[in-house]
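Participant: Pasting a structure here, questions to come.
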Amino acid sequence: MGLRDSQTPAIGTEEEIERLLQEELRIRRHVDLRLCSIAGILCSLDLLDSGVISSAATTSMLKDLDLTGDRYSVSIFIFTLSAIAFQLPSTVAVRFFGPRWWFASITFAFGVITLCTAFVKSWRQMIALRVLLGIAMSGVYPGLTYLISTWYKREEQQLRFAYMQSGEVIVLATGSIVNFGLNQLDGRGSLKGWQWMFLVQGLIACVMGIVTFWWMVDFPEHAHKSFRFLSEGEVKIATSRIQRDRGDVHVEPFSLTKLLVHAKDFKVYGFAVLYFLLNLVSTSLSYFLPIILQSGMGFSTNQAILLSAPPYYYAVVPAILSSYFGDKLRMRGPIIIFNCLCLIVGFCMLGFASQVTVRYIGTYLATGAYVANWAALNAYQANNIVGQWKRVFTAATVTILNGAGGIAGSYIIRQNEAPRYMTAVWISIGSHILMIAFVGLFSLYFYFANKSERKGKRTIEHTEGFEFTY
């Protein structure tokens, strides 16, 4: 549906072609091991932050720092706002400084700031550090989304984004269990339980920053410079398969005009709106799930921290399965719509059921659906654009609107609405009905554009033979 079959190498005998295809498969698996593993861990930093601060919010932190009223929501809002402000320059910086140096630096900075958060004494100090944390975090998600999109053919991308998302949510779920253990250290070393959470997970992020410098890979055309990765011959094979797929391996010299010219493409804003609508829900769940379990379902602090982990472990299943079939069947829109429907059912269970067990199962459905849709949306936008600087611009733009959704999502769960949180329930359901409508409109546009391209009436994305994926 929308992807023209990738061209096979039209050189040599059948045996030579078969050997080349096997070599491409071996290289792709090597890239999977190196890139998808570190991408999942680094992208987990954003969710790691939400896991730490949401778990800490069920302890004495809110009282200790006077995070009363809307101040807790402001601490989330200000983090997202600072991340939005720096996303485009930080994504461009990945190209200038290279993935190894840039991701290692900002990951280490993230760890240091998280560590320092353990020692704040007031809500003002907390919010100041949240601004710095957002700046450090700003380039991770769009930068890694862009990097992964440069390494894989279009029909391979959703599963790789799912690998990234799976690593991300597994770290978040494990972090919740770690937070439970760290909360048991309350009072040890003159530190509160929430301080131990920030301290330990900040140290972990610092170590990951160091590991990132050696494990992260560069862009395909410079991959032979990565530490113990691909040879120059293997790099040529890796880049040739991407060139056959969409013809945008090589990067044009940077200019602000070449970057901003893509602001004229309405598709970019349509993709961005989809991210906004999705992150309304993901932020509200990731930052507030322990609070929902505690205030909305009556669990204790430790129970709420522990029970917030299983829905994220479960989310790996729909993320991998839906992405596998999305790549295999070469479709994106129907997968997104299916996930949206699952989320709507999950929120109906959370909002309208009377039994705690049914409501808790609803958090599984909702969490699994929105995590799966991250991978689907990443593939949806990456499959339908061509050009390195356009990928940079699109990755940054959709992440900015994604961040705006996060700002809105930090306010839709109102603690005075416990135990039902009906504002969050209705907004989450409505946002995903809108997502279904947007995907439907995109699908119609892509269908007629591809039809025109096949008749020779237009060239899509200024690339001969390119077709939209829908």
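Each Cβ is built from the backbone N, Cα and C atoms, and glycine gets one as well.
Straight from TrEMBL, here's the annotation block:
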type     : residues : note
DOMAIN   : 35-455   : domain 'Major facilitator superfamily (MFS) profile'
TRANSMEM : 35-54    : transmembrane segment
TRANSMEM : 74-94    : transmembrane segment
TRANSMEM : 101-120  : transmembrane segment
TRANSMEM : 126-149  : transmembrane segment
TRANSMEM : 161-182  : transmembrane segment
TRANSMEM : 194-217  : transmembrane segment
TRANSMEM : 268-292  : transmembrane segment
TRANSMEM : 304-324  : transmembrane segment
TRANSMEM : 336-354  : transmembrane segment
TRANSMEM : 360-380  : transmembrane segment
TRANSMEM : 392-413  : transmembrane segment
TRANSMEM : 425-448  : transmembrane segment
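What does the local environment look like for each feature on the list?
Facilitator: Regional average pLDDT for the domain 'Major facilitator superfamily (MFS) profile' (35-455) in the model is 87.
Counting only same-chain residues 6+ beyond the ends of the transmembrane segment (74-94), those with a CB under 8 A from a CB of the stretch are 49, 53, 67, 102-103, 106, 123, 126-127, 130-135, 137-139, 142-143, 146-147, 254, 259, 283, 287, 392-393, 395-397, 399-400, 403-404, 406-407, 410-411.
Packing against the transmembrane segment (126-149) from elsewhere in the chain are residues 35-36, 39, 42-43, 45-46, 49, 65, 67, 71, 74-76, 78-87, 90-91, 93-94, 99, 102-103, 106-107, 109-110, 113-114, 116-117, 120, 157, 160-161, 164, 219, 378, 382, 391-392, 395-396, 398-399, 402: each is 6 or more residues past its ends and has a CB under 8 Å from a CB in it.
Cβ atoms under 8 Å from those of the transmembrane segment (360-380) belong to residues 145, 148-149, 154, 157-159, 161-162, 164-165, 169, 271, 274-275, 278, 281-282, 285, 289, 292-293, 297, 307, 310-312, 314-319, 322-323, 326-327, 332-333, 335-336, 339-340, 342-343, 345-351, 353, 398, 428, 469 of the same chain, restricted to positions at least 6 beyond its ends.
Remote same-chain partners of the transmembrane segment (392-413), defined as residues 6 or more beyond its termini with a Cβ less than 8 Å from a stretch Cβ, comprise 70, 73, 76-77, 80-81, 83-84, 87-88, 90-92, 94-95, 141-143, 145-146, 149, 259-260, 262-263, 268-269, 271-284, 287-288, 291-292, 377, 381-382, 385, 421, 423-424, 427-428.
Same-chain residues lying 6 or more positions outside the transmembrane segment (425-448) and placing a CB less than 8 Å from one of its CB atoms are 2, 267, 270, 273-274, 277-278, 280-281, 284, 333, 336-337, 340-341, 343-344, 347-348, 350-352, 366, 384, 412, 468-470.
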Participant: With Cβ distances under 8 Å as the criterion, find the stretch in 101-120, 161-182, 304-324 that has the most pairs with the transmembrane segment (268-292).
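Facilitator: Per the Cβ under 8 Å count, 304-324.
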Participant: Is the transmembrane segment (336-354) close to the transmembrane segment (35-54), in the sense of at least 3 CB pairs under 8 angstroms with a sequence gap of 6 or more?
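Facilitator: No; fewer than 3 Cβ pairs under 8 Å.
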Participant: Restricting to CB pairs under 8 Å, which listed stretch, 194-217, 304-324, 336-354, is in contact most with the transmembrane segment (161-182)?
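Facilitator: Highest pair count goes to 304-324.
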Participant: Do any residues of this chain, six or more beyond the ends of the transmembrane segment (304-324), have a C-beta under 8 angstroms from a C-beta of it, and if so which?
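Facilitator: Distant Cβ neighbours of the transmembrane segment (304-324) are 51, 54-55, 58, 158-159, 161-163, 165-166, 169-170, 172-174, 176-177, 179-180, 183, 289-291, 293-294, 335, 338-339, 342, 360, 363-364, 366-369, 371-372, 374-376, 379.
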Participant: Same-chain Cβ contacts of the transmembrane segment (194-217) under 8 Å, 6 or more residues past its ends?
Facilitator: 31, 34-35, 37-38, 41-42, 45, 48, 52, 55-56, 59-61, 64, 99-101, 103-119, 175, 178-179, 182-183, 185-186, 188, 223, 226-227, 229
